[in-house]
Amino acid sequence: MEGNKLEEQDSSPPQSTPGLMKGNKREEQGLGPEPAAPQQPTAEEEALIEFHRSYRELFEFFCNNTTIHGAIRLVCSQHNRMKTAFWAVLWLCTFGMMYWQFGLLFGEYFSYPVSLNINLNSDKLVFPAVTICTLNPYRYPEIKEELEELDRITEQTLFDLYKYSSFTTLVAGSRSRRDLRGTLPHPLQRLRVPPPPHGARRARSVASSLRDNNPQVDWKDWKIGFQLCNQNKSDCFYQTYSSGVDAVREWYRFHYINILSRLPETLPSLEEDTLGNFIFACRFNQVSCNQANYSHFHHPMYGNCYTFNDKNNSNLWMSSMPGINNGLSLMLRAEQNDFIPLLSTVTGARVMVHGQDEPAFMDDGGFNLRPGVETSISMRKETLDRLGGDYGDCTKNGSDVPVENLYPSKYTQQVCIHSCFQESMIKECGCAYIFYPRPQNVEYCDYRKHSSWGYCYYKLQVDFSSDHLGCFTKCRKPCSVTSYQLSAGYSRWPSVTSQEWVFQMLSRQNNYTVNNKRNGVAKVNIFFKELNYKTNSESPSVTMVTLLSNLGSQWSLWFGSSVLSVVEMAELVFDLLVIMFLMLLRRFRSRYWSPGRGGRGAQEVASTLASSPPSHFCPHPMSLSLSQPGPAPSPALTAPPPAYATLGPRPSPGGSAGASSSTCPLGGP
C-alpha cells in the first residue's frame with residue numbers, strides 16, 4: 001500500500017519556482033528513483049515586465065538590436081579584445097563629440113540671438129510733425145524789470161573782468177558798479193588756479209589759443225566761474241569754465257532760470273502771439289496752411305515754437321507723392337528784435353522732425369536754419385520692431401519702467417530720461433527744473449525760495465552724465481520705434497536777381513519792412529525723398545524648430561540614427577536604473593540574511609514552523625531553499641532522495657484513527 005502511494009508521488013509533475021529576473025525560471029526533475037517516462041519540459045511563463053539580470057546581458061542585447069551605427073561592432077568583435085577596445089574608444093569619443101556639439105547648440109539657443117530682417121515697403125505716408133522755433137528768447141512783460149536789472153549787472157561784470165562795455169543800459173552815477181554787483185547772489189568771479197602739471201610749452205600753447213576770446217585773462221593762472229554752496233554753507237565749490245564766453249552765458253542762464261520760475265502758469269503775452277509774426281508763408285502740398293494746422297508753445301531757450309501736424313490736428317497730413325513740391329514749405333522771419341544777446345548768440349531758426357505723439361526735444365534732435373539760405377530737408381521713414389522678453393531689454397508702452405512719465409505723450413527713451421532726471425531733482429533738491437514738466441504741488445527752482453538748488457543741480461548734473469543716477473539703465477528702449485532719416489541741402493535764397501521783388505512782396509503782404517534783407521529771412525522745405533520706407537524687425541535667430549533640426553543633424557552626423565534611436569537610448573538608461581535598483585534591493589535584503597545572522601534566522605524559521613498548525617502537505621525542499629537568502633540552488637538535484645518512510649501516516653498521540661501528521665525537513669536533502 002505504501003509502495004503504491006510512493007509511485008503516485010513520483011509520477012506527479014514537478015513544481016517550478018519562478019525567479020525575479022529574466023532567465024531565472026527553473027524546472028524541477030522528478031525525485032523518484034526510477035522515472036517511468038522521460039520528463040517533459042515545462043513551458044516558461046512570460047512575465048508582463050522582464051528585465052535583464054546583469055549589465056553585460058543588457059549591453060549585449062542593446063548592441064545587437066540598436067539602430068545606432070557602430071554599436072554592434074562592440075559585440076561582433078568581442079573575441080578580439082583589441083578591436084573591442086578600439087570600437088569602444090571610438091564609440092565613446094563619437095558620443096562625447098556629439099554631446100559637445102549639443103552643448104554648443106543649447107548654449108546658442110539659450111543666449112537668445114536675434115536676426116534683423118529688412119523689408120522695403122511702399123505706400124502713402126503720414127507726414128510727421130514739424131516743430132520750428134525762433135531762436136529768440138522772449139522778454140516777458142511780467143519780468144521785464146528783473147531782466148533789465150540782470151542785463152545791467154551782467155554788463156558791469158563784463159566791464160570788471162574784461163573792460164568791455166557796449167550796452168546802452170549801463171547805469172552811471174551815484175550807484176557804484178560794486179554796489180550793483182552785490183545785489184545779485186552767486187557773482188561771476190575770476191579765480192586763480194595752479195598751473196597745469198605738464199610742461200610750460202604746453203601751457204603757453206593753451207594760453208595763446210584762448211587769449212583771443214578773453215584778452216584780459218592770463219589762462220596760466222585764472223579761470224572764470226561762480227561759487228555755489230549747500231544749505232548751511234559747509235560745502236562749496238566753484239563752477240568754472242575755461243572760456244569766458246561759456247562762463248558768462250552759463251552764469252546768465254542760471255539767473256535767467258530763477259527769474260522765469262517766478263512767472264505765473266498762464267501768461268496773456270503768450271496767447272497774444274500769432275504765427276504771422278514769425279512765418280511769412282506756409283504751404284503743404286501746394287495748399288496754404290491755416291491756424292488749425294499748428295499749435296504754439298514757448299521754450300525758455302529757443303523762444304516761440306510752432307508745431308505743425310501734431311496730434312491735435314484733426315486731419316493729419318498725408319503724402320501720396322515724393323518731392324519738394326509735395327511737402328511743407330515755410331518762409332521765416334529771421335530777425336531778432338527785442339532779443340536777449342547774452343542768452344542766445346545765434347540767429348535764424350531751429351527745426352525738428354518728430355512723430356505726432358512725441359514731444360519736441362529741441363536740444364537733442366533739432367538743427368539750426370541759416371538766414372538768407374533755402375534749406376531743403378528730405379526725409380526717409382524707418383521703423384524698428386524689437387523683440388522683448390528673453391530676446392531683448394525693451395518695453396512696449398513704458399508701463400513696466402520704474403519712472404513716471406511727466407510728459408503728455410507716449411513713452412520714448414528721451415521722455416523717460418528727462419522724467420527720471422526731474423524725479424531725482426525733486427527728490428534731492430526739493431524743487432523742479434524749469435526746462436522739464438513738473439508734477440502737481442511742486443515748485444520750480446528759485447534761489448529766493450531754494451537757496452542751495454544751484455549747488456544741488458550742478459552736482460546732480462555730474463552724476464546724471466556719468467549715469468550714477470541710473471536713468472539710462474532704468475529707461476529701456478521702446479520695442480517699436482519710428483524715425484526719420486534726414487538729409488539737408490542748402491542754396492542761396494533769394495537770388496541776387498530776384499531779391500528785390502521778393503522782399504517787396506513780403507513787406508506788402510505782411511505789413512513788415514525787412515531792414516537787413518538777406519539776414520532777415522530764411523526758407524525751409526521739408527518733404528519725403530521717396531515713399532519707400534524701410535521696416536527693420538527682429539526675429540529669433542534660433543527657434544525651437546531650428547534647434548531640433550540642428551540636434552537631429554548632429555545625431556545623424558555622428559551616429560547615423562533617427563529619433564527612434566534616442567528612444568532606444570532612453571530605454572537603455574531606464575533599464576540601467578532598474579537593474580541598479582534591483583541590485584540595491586538585493587543588497588539591502590542580504591544585510592538581514594547575511595551568513596553571520598544565519599543561525600538566528602534559522603531559529604526564527606524553526607520556531608515559526610513549530611508554532612504553526614500541522615499540515616497535510618510539505619513544501620518542496622527547493623521552495624524552502626528559494627525562500628531563504630543565499631545562492632540559487634542548482635536545477636539538477638544530485639543528492640539522494642529523502643527517506644520516504646518518514647512521509648507515511650503516523651498515529652496521533654491521542655490515538656485518533658482519522659488524524660495524521662507528517663514530518664518535513666526544513667532544509668534540502
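Using N, Cα and C of the backbone, Cβ positions are placed for all residues, glycine too.
Note that the structure is a prediction, hence the values are computed from the model and not measured.
If you look up Swiss-Prot, you'll see 33-42 marked as compositional bias 'Low complexity'.
The compositional bias 'Pro residues' annotation in Swiss-Prot covers 630-643.
Sequence annotations record features per position, and here Swiss-Prot assigns disulfide bond to Cys133-Cys305 (among others) based on experimental evidence. For Cys133 (disulfide bond), the Cβ neighbour count at a 10 Å cut-off comes to 24, with all displayed protein chains included.
Under a cutoff of 8 A between CB atoms, and with a sequence separation of 6+ in the same chain, the neighbours of Cys229 (disulfide bond) are Asp235, Cys236, Ser452, Tyr455. Under the heading disulfide bond, Swiss-Prot lists Cys229-Cys236 (among others).
For Cys289 (disulfide bond), the same-chain residues 6+ apart in sequence whose C-beta sits under 8 angstroms from its C-beta are Cys282, Arg283, Phe308. Residues or ranges marked as disulfide bond by Swiss-Prot: Cys282-Cys289 (among others).
According to Swiss-Prot, the disulfide bond annotation covers Cys394-Cys479 (among others). Around the Cβ of Cys479 (disulfide bond), the same chain contributes Asp385, Arg386, Leu387, Gly388, Gly392, Cys394, Thr395, Lys396, each under 8 angstroms and 6 or more positions distant in sequence.
Residues annotated as disulfide bond in Swiss-Prot, with experimental evidence given as evidence: Cys416-Cys475 (among others). Long-range Cβ contacts of Cys416 (disulfide bond) within its own chain (separation 6+, distance under 8 Å): Gly398, Val401, Val403, Asn405, Cys471, Lys474, Cys475, Arg476. In the three-state DSSP scheme, Cys416 (disulfide bond) falls into the helix class.
Annotated disulfide bond per Swiss-Prot: Cys416-Cys456 (among others), in sequence order, evidence recorded as experimental evidence. Contacts of Cys456 (disulfide bond) defined by a Cβ separation under 8 A and a same-chain sequence distance of 6+ are given as Asn230, Met425, Glu428, Cys429, in order along the sequence.
Around Cys420 (disulfide bond), the same-chain residues six or more apart in sequence whose CB sits under 8 Å from its CB are Val403, Leu469, Gly470, Cys471, Lys474, Cys475, listed in sequence order. According to Swiss-Prot, the disulfide bond annotation covers Cys420-Cys471 (among others), on the basis of experimental evidence.
Annotation comment: Swiss-Prot describes Cys429-Cys479 (among others) as disulfide bond.
Per Swiss-Prot, the feature disulfide bond maps to Cys429-Cys456 (among others). Cys456 (disulfide bond) carries a helical DSSP state (H, G or I).
Swiss-Prot lists Cys431-Cys445 (among others) with the feature disulfide bond. The number of other CB atoms found within 10 A of the CB of Cys431 (disulfide bond), across every protein chain shown, is 21.
Annotated region 'Gating release of inhibition by proteolysis (GRIP)' per Swiss-Prot: 175-243, in sequence order.
Taken from Swiss-Prot, the feature motif 'PY motif' applies to 640-644, supported by experimental evidence.
The topological domain 'Cytoplasmic' annotation in Swiss-Prot covers 1-85 (among others). Regional average pLDDT for the topological domain 'Cytoplasmic' (1-85) in the model is 59.
For 107-562, the entry in Swiss-Prot reads topological domain 'Extracellular', with the evidence type experimental evidence.
Sequence-remote contacts of a segment are chain residues at least 6 beyond its ends whose Cβ falls under 8 Å from one of its Cβ atoms, and for the transmembrane segment (563-583) they are 20-21, 51-55, 58, 62, 66-68, 552, 555. Across the structure, Cys133 (disulfide bond) and Cys431 (disulfide bond) place their CA atoms 27 angstrom apart. For Cys445 (disulfide bond), the Cβ neighbour count at a 10 Å cut-off comes to 22, with all displayed protein chains included. Taking Cβ-Cβ distances under 8 Å and a sequence gap of 6 or more within the same chain, the neighbours of Cys305 (disulfide bond) are Thr131, Ile132, Cys133, Thr134, His296, Phe297, His298, His299, Ala360, Met362. A sphere of 10 angstroms centred on the C-beta of Cys471 (disulfide bond) encloses 20 other C-beta atoms. Taking the disulfide-bonded residues Cys394, Cys429, Cys475 in turn and counting surrounding C-beta atoms within 10 angstroms, the largest count is reached at Cys475.
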